[in-house]
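The block underneath contains the structure these notes are about, expressed in structure tokens.
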Amino acid sequence: MSLNDIPVRPATVVTGNLRPVLHEIRHALSELMAHGTHGMIDLHSLPFSSQEYAALDEFLGEGEIDLTLNVLGKTRLRESGYAGVWRIEHFDDNDKRIGYFIEIGHVPEILRSQCDDIKEGLAAMTTILAMEEDNNEDANT
Amino acid sequence: MRMQTPSPYEQTLGEHLRSQGISRRSFLKFCGLLASSMALAPSMIPKIAEALEQAKRPSVIWLSFQECTGCTESLTRSHSPSLEGLIFDAISLDYHHTLQAASGDAAEHAREEAMKEHYGKYVLVVDGSIPLDNPGYSTIAGISNLDMLKEAAAGAAAIIAVGTCAAYGGLPKADPNPTGAVSVSDIIKDKPIINVPGCPPIPVVITGVIAHFLTFGLPELDSLGRPKAFYGQSIHDRCYRRPFYERGLFAETFDDEGAKAGWCLYKLGCKGPVTYNACATTKWNDGTSFPIESGHGCIGCSEPNFWDFGGFYKALSIPTGASGKNAVYAAAAGIAAGVAIGAMNKKSKAEAASSHQTVTVEELNQESGS
Ligand code: SF4
Ligand code: SF4
């Protein structure tokens, strides 16, 4: 039996946090336009009712991109109907949502390949190519 | 977690996580979740990433005194790879008598070695209260809890008192306090002590405090020695049932229409208005829910002397009714009660033992009558 099977039907709850969040998103979007500032809003640490989550979802709408990353469990990145506004949902290994952010930027931070990873990748690729070439030379002699 | 492995203590936390196959992208996710769990603004994420990347893996000595092991269970039962699991794995846990493989002399030897090698630098974690009436009530390897605490505290950089027992005395100290139980801060006066109360504390709060200590040093504490990042707001402040409280809509029994509609549990004894903890946002069981979501009021487990609050199902005496003013009132009452109990904690053991039913607590527990 899951939590949803228990016959408790909460009446509509309004925490009053939805509108301020919508304005915060709008403000962050205008900051992105004006100064290129990358913005982030943590939705997990705000009391939000399920109705308000749904209303937020409806307000943001769907964009063109819906990506799932495999990083310590899944992470889902969804562009909203407003270009530059992204929903970032972090899940754990059991597909439980453990983090929910709105990011305002050209791409979500986590999507960009990290400089140090690129550096390590380059070193690894160089070593592998050198090893393969060594092996080929050995095979040819 | 690594136990009793000869250093490399020079390895940084970032290096360690990477050696465990955690990519930088995963690390970024980790830092984002960490910031969220520490109630820090997302703009702090790059700073956390940078600081954690550079932080040295700390040596941690964990002492368990009069306790039920619930705090350790809370931490180790979280699913992996959870945030708390990752942090816990990244520390060098050099002594924890429940978790370590070694026993007897070998275990005690590991503790002495770690204390010697990292003198002045290790983090001391304590769960459980310390009995003062008779040292024989609780001993480890024949050493009394009091002696072991004093010895280990002397070389610690900081002490984290995990659980309400270590922080405030907890269940062992509940009236009539048969063992003369006291908290860590009742004994140790010359070291920074971070209280992480809860019965048990939320796992991610335990590791979040460790992470905070590693990245930004000692966290800012409230008057009861709790990190404000996690204990800065009451359950009531962050409760999703709060709109019902404001409108004066209360469940009167656990099965009436109000209960089914998810109304406020205040009249059923909820201690949310005077309890400072992160349950309402961090939640329990991997973020599934917290007690109020399951239809039971908060019992106030992160507050001193919560066992003696008079009854889990007795309503608080704070005026109800629909107004924001009352909410402020409630919060103020919570702070005042906290301060009073905190001051009481500092009194001598004998006084503390006899003052369990304080005026403050009784006041809190008058029937609301409405
Ligand atoms: S009294 Fe309890 S159930 Fe009611 S709003 Fe406050 S914390 Fe939530
Ligand atoms: S809801 Fe209250 S009693 Fe329950 S764990 Fe949280 S602080 Fe403790």
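Glycine is treated like the rest: Cβ placed from N, Cα and C.
Any TrEMBL annotation is an automated prediction that lacks curation.
The candidate list B:Cys31, B:Cys199 contains one residue that TrEMBL assigns to the [4Fe-4S] cluster 1 site with B:Cys68, B:Cys71, B:Cys165, namely B:Cys199. For the [4Fe-4S] cluster 2 site, TrEMBL gives B:His236, B:Cys239, B:Cys270; the one candidate out of B:Cys264, B:Cys301 that the record lists there too is B:Cys264. When the binding-site residues B:Cys199, B:Cys264, B:Cys301 are checked against ligand 1, B:Cys264 have a Cβ within less than 6 Å of one of its atoms. Per-class residue totals from DSSP over the domain 'Cytochrome-c3 hydrogenase C-terminal' (B:231-308), listed helix then strand then coil: 27 helix, 6 strand, 45 coil. A Cβ within 8 Å of the Cβ centre of B:His236, B:Cys239, B:Cys264, B:Cys270, the residues given for [4Fe-4S] cluster 2, is found for these other residues of the same chain: B:Ile235, B:Arg241, B:Arg242, B:Tyr245, B:Leu265, B:Tyr266, B:Gly272, B:Pro273, B:Ile292, B:Gly297, B:Cys298.
Secondary structure at B:Cys199 ([4Fe-4S] cluster 1 binding site), taken from DSSP and collapsed to helix, strand or coil, is coil. Other than the site residues B:Cys279, B:Cys298, B:Cys301, same-chain residues with C-beta atoms no more than 8 angstroms from the centre of those residues' C-beta atoms, the [3Fe-4S] cluster site, are B:Gly198, B:Ile235, B:Lys271, B:Gly272, B:Thr275, B:Asn277, B:Phe290, B:Pro291, B:Ile299, B:Gly300, B:Ser302. Annotation: B:Cys270 carries the greatest number of neighbouring Cβ atoms among the binding-site residues B:Cys68, B:Cys199, B:Cys239, B:Cys270, B:Cys279 [cut-off 10 Å, Cβ to Cβ].
Taking Cβ-Cβ distances under 8 Å and a sequence gap of 6 or more within the same chain, the neighbours of B:Cys301 ([3Fe-4S] cluster binding site) are B:Thr164, B:Pro197, B:Gly198, B:Cys199, B:Thr275, B:Asn277.
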